[in-house]
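Annotated features, as they stand in TrEMBL:
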ACT_SITE  ASP98  active site
ACT_SITE  ASP307  active site
DOMAIN    80-438  domain 'Peptidase A1'
Amino acid sequence: MFHSIMESTSIPCTSYTNPYLKSLFLLSHTVLTLLLIMESQHCLSSSPKMLILPLKTQVIPSGSVPRSPNKLPFHHNVSLTVSLTVGTPPQNVSMVIDTGSELSWLHCNKTLSYPTTFDPTRSTSYQTIPCSSPTCTNRTQDFPIPASCDSNNLCHATLSYADASSSDGNLASDVFHIGSSDISGLVFGCMDSVFSSNSDEDSKSSGLMGMNRGSLSFVSQLGFPKFSYCISGTDCSGLLLLGESNLTWSVPLNYTPLIQISTPLPYFDRVAYTVQLEGIKVLDKLLPIPKSTFEPDHTGAGQTMVDSGTQFTFLLGPAYNALRTAFLNQTSSVLRVLEDPDFVFQGAMDLCYLVPLSQRVLPLLPTVTLVFRGAEMTVSGDRVLYRVPGELRGNDSVHCLSFGNSDLLGVEAYVIGHHHQQNVWMEFDLEKSRIGLAQVRCDLAGQRFGVAL
């Protein structure tokens, strides 16, 4: 969601009862550019079999890959955004992409804080949604806060996030123009009121594009049965693919089932991409963590969400402490610990090291493997540690373990971030309710699909 990747690091250590109040955190000084290659025009009733989105990370400002005249540029600074046009006549908007949120929404009230907005009064194709409509009564059931009816009998939505940011407004529909394609009748939130704890970053976009499993998410409304992405571990280029990938040239995917529950629980996000984490290995040795530690309890707390909108991975306290202890023991002879109890990176990462600025290469680090039901994800090399931008102690830079403690944030979940998904083909199979993983060279994967990364 909007703040799963952009939220403030000063988060109160309180527990949130809403499953959508998930973790955030993304510090980045690069720009990620995706170009959407449209293979055919489509509307909500039919969609092309496959859309390929090349990814490219480069220094701000970003460029674009000259692949097709039908392209959609994405940018990645503190957030991953997509630029497109909405309405009739088209208005330029920029939307944060989030696989952890359902409702797409746009700022509809221009203010000094949010100068980039969508003006519904200028669009002849804009339509409000009454609160009596099936869209409002039947398709908003998984919203974090139930939709309501405003004084004009219009469907009203309120969204809130873990850093106390929020937005509210009315549900509506309009035409979204992507490349040469027009997506008619796409439902989104036209938000009049937005409160943000990080307004400097949030004001750079016009809104959010929700990509989770909810019925009103962007990918659900387009009707794609699956999508995949792959991020290179060398230059952070890669590709995002909507539709069937047919990876006959690649190693087989290992699948882990998506966890679904029929009964609503206070801490369980039913439309997130939830999998079952079963264990953690350090140097291929399974840590002595009871499997019950990874299982959601009777309230739904403790689910494991795969979220491309969060940079790092966050573990609940018992699992994090076991990993922290094991990693600390394995690195005691090759790394110097930062002994500063007041420094906790992004409010959740409290195992940090001092690395001399003159040392250009980190020592050999132990691998960390996340064990899922039927699949594994191994984090190795520089991805295990993250250099904190701008943080210096004398002649030393600061590097922190790239796993955080969810308990320090009051987040009742495990969150698998995109930093640990580099050089992993990630397939989200919505039709068969599963996620497929395979270790691949993502730069080579792009070449296989005819995308120059």
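Cβ from N, Cα, C; glycine included.
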Request  = Give the distance between the Cα atoms of ASP307 (active site) and ASP98 (active site), rounded to the nearest whole Å.
outcome  = 8
Packing count at ASP307 (active site) (other Cβ atoms within 10 Å of its Cβ) = 26
Other CB atoms, at most 10 A from the CB of ASP98 (active site) = 28
